[in-house]
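Enquirer: Take this structure, written in structure tokens, and hold onto it; I'll ask about it next.
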Amino acid sequence: MGYLQMCCITMTALLLVVVLAVVSGHGDFFTNHWAVRITGGHRQADRIAAKYGYMNFGQIGSLEDHYHFHHSRVVRRAAFSLKGPHSFIHMDPEVEWAQQQVVKLRVKRYAQSDPSFTYFNDPKWSNMWYIHCNDKNSRCHSEMNILAAWQRGYTGKNVVVTILDDGIERNHPDLAQNYDHLASYDVNGNDHDPTPRYDSRNENIHGTRCAGEVAAVANNSHCTVGIAYNAHIGGIRMLDGDVTDLVEAKSLGIRPDYIDIYSASWGPKDDGKTVDGPGLLTKQALEQGIKKGRKGLGSIFVWASGNGGLQGDHCSCDGYTSSIYTISISSTTENGNKPWYLEVCSSIIATTYSSGEFNERNIVTTDLRHICTDGHTGTSVSAPIVAGIIALALEANLLLTWRDVQHLLVKTSRPVHLKADDWKTNAAGLRVSHLYGFGLVDAEALVLEALTWRTVPPQHTCSRITIKQGQPSVTTSGCSEEPDQHVDHLEHVVVKVLIVHPRRGDMEINLISPSGTRSQLLAKRLFDSSNEGFRNWEFMTVHFWGERAEGIWTLEIVDLPSKQRNLKEWTLILYGTSQNPYQPHSVQHSRSRMLEIPEEILEEPELEEEDEYNGERLSQLKYQNNHVPFSNLKD
Ligand SMILES: *[C@@H]1O[C@H](CO)[C@@H](O)[C@H](O)[C@H]1NC(C)=O
Ligand SMILES: [Ca+2]
Ligand SMILES: [Ca+2]
Ligand SMILES: [Ca+2]
């Protein structure tokens with residue numbers, strides 16, 4: 001009898017569960033909070049709460065007889081109302097009404113989300129916390145807003161992405177449908193099939209893992225969902241053999257009018273003592289790509305910033321990731337912590353989630369031999385995520401240039417909860433860090449901005465300012481004589497140095513802009529004992545993005561206590577536009593700008609006092625803009 005009764009109650013409870021699940025719909029998650037209506041006052045409510053194992057948190061606002069009950073034994077954010085003694089509260093005759101509270105799937109700035117859309121039948125979907133961040137399994141603080149971008153209809157359709165790596169398994173069941181042989185090539189094998197070489201050690205898993213992040217097929221009951229799950233995906237097999245300048249150059253130049261985005265998750269050794277970058281051919285291939293690729297709009301090269309964190313490596317010593325033509329991407333952990341592998345440097349533009357500590361979740365993706373994995377880690381994860389997100393933006397606006405894409409990332413990425421001790425606001429009001437660039441990418445913001453984006457004005461370059469030894473401070477008229485070199489609003493800033501030093505790793509180099517923003521171009525590297533110094537090495541920083549170019553630029557080298565550095569020569573190379581890229585036709589702006597010039601330029605700026613770095617100002621130069629481009633504008 002007792003058993004029977006128990007059985008029936010359980011069945012009733014189960015029924016309730018089903019009803020609740022249906023009412024709540026997909027996309028809603030049960031919490032351990034209940035709203036309960038009980039007459040008879042607080043003490044009665046307390047008594048009933050205790051009877052079923054709840055805490056009574058008191059009356060709900062001004063609602064008489066309504067109480068907030070909390071049950072600590074329910075798993076937070078369960079997908080279904082959980083069974084257990086506490087659920088019997090619904091059947092207590094003294095309880096007039098009870099409702100377990102559900103959390104709505106929060107999708108920012110999207111009014112009519114169709115909850116069923118957020119559900120895919122791919123078995124690893126529930127593990128993709130970085131896509132449905134505020135979901136039942138996810139407690140991350142900030143979203144990359146990928147789901148929201150999808151819900152606006154952007155999934156990478158007609159955009160072509162390729163992975164420069166050790167090949168891709170093109171017949172992987174989660175890739176085959178999106179695989180595009182025209183976006184693929186095998187540079188190692190000199191054929192058109194980029195299928196990886198299989199061996200017992202599974203050496204060549206990397207490319208297939210990157211590919212799945214970008215474009216694994218959605219809702220096919222297999223494995224995962226790619227970030228641009230309707231994009232074309234190809235692979236360029238080039239890492240499984242001798243990697244030469246030629247191999248790299250060839251790879252970066254495969255079908256530049258067909259392939260939109262090249263994703264590269266590799267680079268020179270991250271051993272903390274290497275200084276290496278693209279060779280002659282590869283440099284040309286990158287330049288050719290941004291000039292001629294995508295029928296003149298420019299190829300998009302996305303690059304992982306490097307995994308040498310433990311070796312104290314600094315990504316400014318990696319010429320691929322610090323090139324102005326590549327988009328350098330860093331990683332953060334689920335909790336916004338600095339991952340152990342992270343490399344710091346000033347050329348990083350933005351950041352995605354990736355793997356972290358043992359208690360933090362990983363990224364899931366496709367793997368060699370038709371399987372899935374959550375073993376894909378490091379900044380290798382981050383470049384493909386951004387490649388996928390850029391594919392969404394290109395679907396929204398196919399006319400974005402290579403520089404538009406960088407501007408969009410600068411503008412839409414956010415520091416949110418990413419922890420770094422060096423977040424600062426530059427003079428253009430942009431928050432930026434050497435760990436994370438402009439912060440966590442925001443796919444939805446990116447597609448929204450892309451939709452209404454106006455192509456930025458032409459890029460100008462000013463690179464004639466060279467300081468010779470013994471000339472620590474020079475005033476120059478900059479590049480004003482030639483209008484097509486006039487730089488006013490900054491994008492990238494490059495410093496090329498010739499420095500002799502008995503121990504390269506002892507040096508820290510900083511650049512201070514006319515607005516007073518300080519960017520660290522190089523940090524000390526413990527393992528770098530080379531005596532080769534820097535021979536015309538180019539450091540790049542994006543930290544002055546949007547700032548004005550005019551004024552005194554200061555280079556600072558700290559190598560205490562040895563002070564053995566010998567700066568032979570340095571060149572400041574400014575990239576940017578003559579017009580404000582965000583208000584290209586504002587007459588108002590040109591007026592105020594003309595008023596500013598005499599003051600900023602003619603006044604000798606004060607030097608700051610000796611700073612906290614105990615550094616020595618080695619060299620300063622003044623970039624003066626006499627060019628007044630708006631003088632002929634009619635009001
Ligand atoms: C995924 O597939 C299922 C059928 O397996 C379908 O009911 C659902 O609507 C699909 N989801 C999306 C977002 O297309
Ligand atoms: Ca092949
Ligand atoms: Ca899938
Ligand atoms: Ca590195």
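Any Cβ shown, glycine's included, is placed from N, Cα and C.
According to TrEMBL, the protein has these features:
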| type | residues | note |
| --- | --- | --- |
| SIGNAL | 1-21 | signal peptide |
| ACT_SITE | ASP165 | active site, charge relay system |
| ACT_SITE | HIS206 | active site, charge relay system |
| ACT_SITE | SER380 | active site, charge relay system |
| DOMAIN | 455-580 | domain 'P/Homo B' |
Enquirer: Would you kindly give the Cα-Cα distance separating HIS206 (active site, charge relay system) and SER380 (active site, charge relay system), rounded to the nearest Å?
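Expert: Their Cα atoms are separated by 9 Å.
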Enquirer: Which residue, out of the active-site residues ASP165, HIS206, SER380, shows the minimum number of other Cβ atoms inside 10 Å of its Cβ in this structure?
Expert: HIS206
Enquirer: Just to be sure I understand, if DSSP states are collapsed into helix, strand and coil, how many residues of the domain 'P/Homo B' (455-580) fall in each?
Expert: 6 helix, 64 strand, 56 coil
Enquirer: In angstrom units, rounded to an integer, how far apart are the Cα atoms of ASP165 (active site, charge relay system) and HIS206 (active site, charge relay system)?
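Expert: Here the two Cα atoms lie 7 Å apart.
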Enquirer: Check the DSSP secondary structure of HIS206 (active site, charge relay system), expressed as helix, strand or coil.
Expert: helix
